[in-house]
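These come from TrEMBL:
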TRANSMEM  49-75  transmembrane segment
TRANSMEM  87-109  transmembrane segment
TRANSMEM  189-207  transmembrane segment
TRANSMEM  219-241  transmembrane segment
TRANSMEM  261-284  transmembrane segment
TRANSMEM  404-425  transmembrane segment
TRANSMEM  431-452  transmembrane segment
TRANSMEM  459-478  transmembrane segment
TRANSMEM  498-517  transmembrane segment
Amino acid sequence: MIVVCSKGVCSVVMETESQPSQQDAEPERKPAEKARGADINYGIDDNPPWYFCIAMALQHYLTMIGAIVSIPFILTPALCMRDEDPARGTIISTMIFVTGLITFLQVTWGCRLPIVQGGTISFLVPTLAILNLPQWKCPPGEVLDAMSDADRTELWQVRMRELSGAIAVAAVSQLVLGFSGAVGKLLRIITPLTIVPTVALVGITLFPHASETASKQWGIAVGTTAMLTLFAQAMSEVPFPGVVYRKGRGLCVTWFPLFKLFPVLLTIAIMWTVCGILTVTGVFPEGHPARTDVRLRVLQDADWFRVPYPGQFGLPTVSLAGVLGMLAGVIACTIESISYYPTIAQMCAAPPPPLHAINRGIGIEGFGTILAGLWGSGNGTNTFGENVGAIGVTKVGSRRVIQWAALIMILQGVLNKFGAVFIMIPDPVVGGIFCVMFGMITAFGLAALQYVDLRSARNLYILGVSFFFPLVLCLWIQEHPGAIQTGNETVDSTLSVLLGTTILVGGVLGCALDNLIPGTPEERGLVAWSKEMALETLPGDGDGVGSLRADLPLGKSTFDFPYGMTLMRRWKWTRYLPFLPTYKMKL
């Protein structure tokens, strides 16, 4: 990246290390690539200068951190943990650490798309269903207040061990699903009318938690939502001036889209400052949830350095109800990631992801969720939609940038003090962010409706039933936890979790109805949806069609492994493994 200055004003020109100038060295792109990424600054196989990689990696890290810190605000109260417990910061640091590990593995050896893998809201729905069981509900407030610190710690850790075991065991199914190649067969029944209720119900189900958090101070919460809307939508195209110093040129002014790049962080920083001012001036009384010092002890008690490790909260436990309940989160994450892959490939000027890359991506995601469970994050891993949006905004789709971001996450994951800082964000600010975040998750699920015919009475019937029935059933199950009486406690708990998880009931219902009720492929959206998925494998054997990049070696595919491809192509048996780049089998 170079800065050209004239009369004190600088313009930024980006170029890779291997490209001396944009005009002379940029390879001519094939027509297919122009259609898939005509305005991309750095494609998936490009390697920007190291300093630009670090800057963009920080951008992805800061984009991810907003979603990461929101999960413990819902999880830890359900675990019966105190708001001021420093362990909440430990959970955040663990999530960040595992996110870095799995992101690096996914980008380098997995689907090889520039995606960030991390904690997901999708696992909160079955988590809350499990913790709503009679044996896991928190004791009354007076009982909690009478407990010693050691007893209170064991109270939430025994619940964390139950979640850890359930997440890790349930994720084995996702690992097998990917590496066995069963994803290809699954894609036959995962239709847009399956994706819509599965993903959209994640956001809809969590709205009570947004309401509970925002209601602690509605003025701050509404102001947070309004400011985030202003930055992300109304001011997204407004350039912001910045001053940079260049050796031999002095101070230069550069313009960049600040509000488009950092709307969440700007909103949190401003509203946090407002809460700080109202705290200092005494507008918020002592103990008010909107005060900035209400959880100051968390920061003071947190360790500076702490390396997360598997089983840090004790040996995980496994129960049938927990495992089957977490399968709902696994299914939701699998469907969501499959729907993200073609979009990301198009955004970063990559070919449509072949079947072996999809298989490998889902398998690695399952492996990451196993690690997340064993590490005690209380959550799984999934593709971060926020970071997908960051690629669309910055027009930088290089996987090298995401690899740098993963390294930053690993480093920050061992800084426990850093994770504790985010616990101090006032609850109403978090509630305002929830109102937007959960709404966007719902909207992403509804976006799959663009493929189906909404004039069809058949489709409207399936949508209505798959949305409304799960909400009715799951609400009743949650309000009547002991309603299911089969005579077997394990069966009762299992059915309570399964029928109390909206995304599972909605997804299964939508999938079953769409595949059983007669309808034409065009009506069901299968024709339009199939164009987004490249299920045949890329040849990659020397015919040069394995990549859209004209400057890559002949026959080299964007989705090839970084090492060992020459040896792998010599072995014929590698053509039969559905997760290897040499896979030749067709659906």
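The backbone N, Cα and C atoms fix where each Cβ goes, glycine too.
Because TrEMBL annotations are produced automatically, they should be read as predictions rather than curated entries.
Taking pairs at least six residues apart, the transmembrane segment (459-478) and the transmembrane segment (189-207) share three or more Cβ pairs below 8 Å and count as touching. Comparing 49-75, 87-109, 189-207, 431-452, 498-517 for CB pairs under 8 angstroms to the transmembrane segment (219-241), the maximum falls on 431-452.
Among the recorded stretches 49-75, 87-109, 189-207, 404-425, the one sharing the largest number of Cβ pairs closer than 8 Å with the transmembrane segment (431-452) is 189-207. Contact check: the transmembrane segment (49-75) against the transmembrane segment (498-517) gives fewer than three Cβ pairs closer than 8 Å, residues 6 or more apart, which falls short of the contact criterion.
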